[in-house]
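The structure under discussion appears below in the form of C-alpha cells.
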Amino acid sequence: MGIKGLTKLLADNAPKSMKENKFESYFGRKIAIDASMSIYQFLIVVGRSGTEMLTNEAGEVTSHLQGMFSRTIRLLEAGIKPVYVFDGKPPDLKKQELAKRYSKRAEATEDLSEALETANKEDIEKFSKRTVKVTKQHNDDCKRLLRLMGVPVVEAPSEAEAQCAALCKAGKVYGVVSEDMDSLTFGAPKFLRHLMDPSSKKIPVMEFEVAKILEELNMTMDQFIDLCILSGCDYCDSIRGIGGLTALKLIRQHGSIENIPENLNKERYQIPDNWPYQEARRLFKEPLVITDEKELDIKWSSPDEEGLITFLVNENGFNRDRVTKAIEKIKVAKNKSSQGRLESFFKPTANPSVPIKRKETPVNNAKETNKKTKAGGGKKKK
C-alpha cells in the first residue's frame, strides 16, 4: 500500500519537492530498485492476456524473467547502474496488512472463477491481475538472472524499501526506485517513480527530494513520519476519518501523534484499539538494514554468457538468437556506462528543479503491449 494519498498531498502542499525528469537524464547514476515491486508489475503486464501468461515447457511462468531481463537491459543501455534489493522477513507489525492482502487475493480468485464461467473478458483481465503474488521462486529466479547479467543484488534482512533508503543515505546510490511512497518515510534522500515503466507509456520520471519535502512542509523528519502514519501505512491502522490533509493539519497544530488523541472529537474520529503507532514510528526510524561495508560490496561485472544461455534458453525456452543479441547489448551498455557522468570529473553545477503543478498519474494505467520483447521466450499459460 505504501503511504495513502501521499503523492497528492505533496503535489498540493510541497510542489517544489517534486520534479519531472527524462529517463535519459539518469545516465551514469547508481540507483537502488525495490525488486519485489518490479517483479509484481512484470507478472501483471508482461506477456499477459486474460489468465494466460508466458511459460517455459514445464509450464512454469517466465513473465517475470522476460520483464526483468528486458527492463534491466533498457536501464543499462541508458547508462543507468541498477542495484536490485530483495525483501527479507517482514516485520511482525506488517502481518495484519499481509493478511488483508491474502484475503483480497482470495476474494479475487472467487471473482475470477465467476468471470470465467460467464466469459466476461474485462472481469477476467481485472480479477486475474488481482490474484498475482510474488513468490519465493519468482524472487530466486530473478536473483539468479541478475547475477548472471552482472547486476548486483542485495538481500535485505527485512523491508527492501528500508534497505534501499539506507543505501541512498550512505551515498551508495543516487536514488531509490519504487512505486510505494514509504521509501520517503524511511528517509530516502531521493525517490524516483516511473523509472521502471515501459518506454511505451512515455511517462516522465517523477523525482522527490525528502529535504525539500521537509522544508516546504516546515516539518522535522519525525513529524513527517507521524504524518505518514496518520495518513495510512502498512504497519498499523489509521484513525478512521482522517486523510492526508487532515493529518497534515493535525501534525502542524499538535506537533506529534502523542498530542492528537486527547484533542480529537471522539464522536467524529475513531481511534483504533491498541494502536501501535509508536512501534510503527520506530520501524520507520530504525529499520533492520545492512550497514556493514563488507556486506554491501556493490559491484557490476561482465555478463556470464554461457550461464545466461543455459538459464534462459535451455531451462526457460527463450529464443537463443534474441538472448545472444541481448547479451551483446549488455556488454556494449556496460562499456558505455563506464564513461560515467561529467560531475565525476568536474565540479557539479546547481540544477534547480522547476516546481510542477499537481498531476496524478495512476500506476499501471496503460497496458503494456503483449508483443514479445527482443529477448523474449516461452509460451502462454492459461
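Glycine too: its Cβ is placed from the backbone N, Cα and C atoms.
Positions annotated as Mg(2+) 1 binding site by Swiss-Prot: Asp34, Asp87, Glu159, Glu161. Counted within 10 Å of its Cβ, the other Cβ atoms near Glu161 (Mg(2+) 1 binding site) come to 29, all protein chains included.
Look at Swiss-Prot and you will find Arg71, Glu159, Gly232, Asp234 tagged as DNA binding site, backed by sequence analysis. Long-range Cβ neighbours of Glu159 (Mg(2+) 1 binding site) (same chain, at least 6 residues apart, Cβ-Cβ under 8 Å): Asp87, Gly88, Pro90, Pro91, Phe186, Pro287, Leu288.
In sequence order, Gly2, Ile3, Glu161, Cys228, Cys233, Asp234, Phe284 make up the list of same-chain residues 6 or more apart from Asp182 (Mg(2+) 2 binding site) whose Cβ falls under 8 Å from its Cβ. Mapped onto three states, the DSSP output places Asp182 (Mg(2+) 2 binding site) in helix. Swiss-Prot lists Asp180, Asp182, Asp234 with the feature Mg(2+) 2 binding site.
Feature annotation from Swiss-Prot assigns compositional bias 'Basic residues' to 372-382.
The region 'N-domain' annotation in Swiss-Prot covers 1-105.
Taken from Swiss-Prot, the feature region 'I-domain' applies to 123-254.
The region 'Interaction with PCNA' annotation in Swiss-Prot covers 338-346 and is backed by sequence analysis.
According to Swiss-Prot, the region 'Disordered' annotation covers 339-382.
Using CA atoms as reference points, the binding-site residues Arg71, Asp180, Gly232 were checked against Asp34 (Mg(2+) 1 binding site), and the closest is Asp180. Cα separation, Gly232 (DNA binding site) to Asp180 (Mg(2+) 2 binding site), rounded: 12 Å. There are 21 other CB atoms within 10 A of the CB of Asp180 (Mg(2+) 2 binding site), with all protein chains counted. According to DSSP, the region 'N-domain' (1-105) comprises 55 helix, 21 strand, 29 coil.
Taken as a whole, the region 'I-domain' (123-254) shows an average pLDDT of 91 in this prediction.
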